Ligand code: ADP
């Protein structure tokens with residue numbers, strides 16, 4: 001599909017409601033040519049931070065009002081052009097877009113057409129915060145380079161292999177179907193990448209291994225991956241379900257919502273905001289950064305300790321649940337900001353699971369590094385690994401594979 005055989009670059013765009021993250025990658029060798037971020041779009045204090053890795057340049061920052069996503073992408077394009085990496089380059093093969101919700105239908109990276117955009121739009125009711133921003137990002141990129149393939153890579157796609165009994169909630173089927181209520185799961189690009197990299201670390205083909213992936217960032221999710229295919233995941237209709245997160249509650253009794261509505265007089269929007277923005281670690285102790293929580297624990301702070309313990313208890317429950325779902329587990333992989341950096345979380349989550357074949361070697365766990373690595377002792381039946389995620393590389397790889405096929 002690519003007209004120019006020298007077109008090996010992919011621009012990856014991750015559009016949020018007020019932010020635009022981007023990376024320019026060269027798929028000939030996987031090199032990152034430029035990375036950056038525009039934040040606070042639409043505010044007076046917008047900021048663009050751009051690092052031209054290809055030229056070895058240092059980070060440049062612009063702080064001035066950037067009115068909307070079109071202005072943001074134009075500003076990014078100008079920064080890239082200043083480094084000789086302009087979006088008009090014939091070397092650009094595609095723009096890959098992270099799209100949060102692809103429903104049940106989008107199971108693969110997909111070339112954006114008007115019909116595809118309309119479909120992503122129809123999913124807005126189940127992803128009201130994310131899909132509109134993603135659509136804006138795609139339209140903006142289309143306007144800038146109408147001739148270039150735009151590829152949508154969905155957070156939900158990897159999870160579409162879940163069996164129906166894992167995806168279906170036990171509520172009235174007609175109501176569920178009429179309103180698209182089912183488990184979709186998110187962070188799929190990360191779960192796909194990390195489960196594959198874990199197999200690689202074990203020297204095996206993904207089809208040969210069963211992996212529990214724990215993506216612990218500010219948002220957090222677990223998945224059970226059997227032979228390279230997702231069979232269960234902790235996030236649901238929205239990213240609210242499952243693990244304790246930075247600001248989200250994860251699993252709670254749904255009746256908490258009725259209770260707060262009836263007895264605390266809270267509106268639906270207030271409860272939504274409570275559970276998504278004021279819960280999880282921040283709700284429990286006032287901080288959502290694991291570094292700060294650890295610092296407070298070291299100073300003897302009881303609230304921080306309880307927040308940590310609630311976080312780890314939930315994590316351990318999911319390891320146990322997915323162990324049972326998979327029957328046999330070859331590896332547990334920790335990834336994302338907390339998973340890659342917080343050794344105490346990894347240690348505590350696995351503590352006491354020796355009978356399941358799980359253990360962490362204290363020395364290996366304490367070591368830092370950017371590469372995927374094992375942290376379990378030789379004798380452990382199940383490998384425990386730290387596997388850095390790279391969603392941008394995965395999006396670029398998938399987009400490039402599609403357009404160069
Ligand atoms: P997201 O992409 O979901 O915004 P990240 O995967 O970047 O999040 O993870 C961010 C979180 O990672 C931070 O909120 C913090 O809790 C945690 N984190 C980052 N660095 C460290 C560290 N060195 N030690 C412990 N936790 C860390």
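Cβ atoms here come from the backbone N, Cα and C positions, even for glycine.
Unlike curated records, TrEMBL annotations are generated automatically.
What TrEMBL says about this protein:
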- 155: active site, proton donor/acceptor (ACT_SITE)
- 21, 215, 216, 217, 218, 219, 289, 290, 291, 337, 338, 339, 340, 341: ATP binding site (BINDING)
- 98: substrate binding site (BINDING)
- 187: site 'Transition state stabilizer' (SITE)
- 248: site 'Transition state stabilizer' (SITE)
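All features noted in TrEMBL, drawn onto the structure.
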residue: 21; record: ATP binding site; DSSP class: strand
residue: 98; record: substrate binding site; DSSP class: strand
residue: 155; record: active site, proton donor/acceptor; DSSP class: coil
residue: 187; record: site 'Transition state stabilizer'; DSSP class: coil
residue: 216; record: ATP binding site; DSSP class: strand
residue: 248; record: site 'Transition state stabilizer'; DSSP class: coil
residue: 289; record: ATP binding site; DSSP class: coil
residue: 338; record: ATP binding site; DSSP class: helix
Got a sec? Which of 21, 187, 248, 289, 291, 340, the recorded positions, have CB under 6 Å of any ligand 1 atom? 289, 291
Which of 21, 98, 248, 291 has the fewest nearby Cβ atoms, counting only those within 10 Å, among these recorded positions? 291
For residue 218 (ATP binding site), identify the closest of the recorded positions 98, 155, 187, judging by Cα separation. 187
Proximal residue to residue 340 (ATP binding site) among recorded positions 98, 155, 187, 248 (C-alpha distance): 187
Between residue 338 (ATP binding site) and residue 155 (active site, proton donor/acceptor), find the distance joining the two CA atoms and give it rounded to the nearest Å. 20
Of all the recorded positions given, namely 98, 155, 187, which is spatially nearest to residue 21 (ATP binding site) at the Cα level? 98
Row residue 218 (ATP binding site), column other C-beta within 10 angstroms, all chains, value 17
Do you see any of the recorded positions 216, 248, 289 whose C-alpha is within 10 Å of residue 98 (substrate binding site), and which ones? none
